[in-house]
Amino acid sequence: MDSRRTKRKAEKTEVAEHQNKPPHTSPSLPTEPALYSGPFPFYRRPSELGCFSLDTQRQYHGDARALRYYSPPPTNGPGPNFDLRDGYPDQYRPRDEEVREGLDHLLRWLLEHRGQLEGGPAWLAGAIVTWRGHLTKLLTTPYERQEGWQLAASRFQGTLYLSEVETPAARAQRLARPPLLRELMYMGYKFEQYMCADKPGSSPDPSGEVNTNVAFCSVLRGRLGSHPLLFSGEVDCTDPHTPSLQPPACYVELKTSKEMHSLGHWRNFYRHKLLKWWAQSFLLGVPNVVAGFRNPEGFVCSLKTFPTMEMFEYVRNDRDGWNPSVCMNFCAAFLSFAHSTVVQDDPRLVHLFSWEPGHPVTVSVHRDAPYAFLPTWYVEAMTSDLPSPPKTPSPKD
């Protein structure tokens, strides 16, 4: 009995000692939702700076050639009857996921447009550059119970760049992806084919191949708390009939989900899937998510529109639901944590932020391969363009 009590006492002492350690010895960031339940932080509605497209070969084009147009079935018709399995696997051309692109496409856009940024080099020197998907993972972290993440961070000419690193667990999962999951991924892309046309006013053509190399990406500028953001995210389509044609307010996000037949199924959907949908669309300023609900045979039989700003209403009174304030406060706290941790300006130096559910975010420091992610062509072009480093900007956006 005494030995157990001594052991418990020792464990408590260890925890207390860890908590009392000065922060610079081992910086970490807790993720419990209760710590981030304050008021919603300032988030400036993102404005679109530009866009780019990736073609069937994953080649970059600085234009909107890959943008598609929302073209749902008529509301007065018999309703959708989309066969999401049609063409699988013969028509499936999935992107090569072994190719780790990092921030490369976004950096290419930035290199081409850095001269036109409002606020110029000084604004960029105070900004955080990343993908929307990375910010989505941060937003959902306080409620995530299954998948961890790793984010590499480097500071270069004042700017903080964040790029995701595939965790060993995620890689193992991807390499062992079961056929059913591969088919479900195809079905999500197939749904987009049924709902989108290549030109405004024309009809969708779902007969072609499903090539996931193709993407249209919006590049946006926003601000969370004191952090100016320059980020990019893939956009499914634009609605040619929206009253406000100013992007991103004209964009539509398309999703599929299985049909639900019980209150428990819906509650689960609101708690988990809707959180991810909200985080993804809220960040980019996309006003609506249109969901296709599929039956066990893989046919979409009903559509439902979820306005992004109304998603929280489904869980507002659910004790086990999510809260947008917690998501955004944690994301702002992480960005502050990253800013204060990554101090040295060096594109070859990487701070790797790692997180596993049930644990705090931790940091390790690395140099060069395999973690350095800012490509030489980008670093050299930016260096030759700016002979002297820009002054550190004021915290204003």
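Positions of Cβ are set from backbone N, Cα and C atoms, glycine also.
Here is what TrEMBL says about this protein:
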- 1-10: compositional bias 'Basic residues' (COMPBIAS)
- 11-20: compositional bias 'Basic and acidic residues' (COMPBIAS)
- 44-379: domain 'RAI1-like' (DOMAIN)
- 1-39: region 'Disordered' (REGION)
- 67-88: region 'Disordered' (REGION)
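Here the domain 'RAI1-like' (44-379) returns a mean pLDDT of 97 for the predicted model. The residues of the region 'Disordered' (67-88), classed with DSSP into helix (H, G, I), strand (E, B) and coil, number 0 helix, 4 strand, 18 coil.
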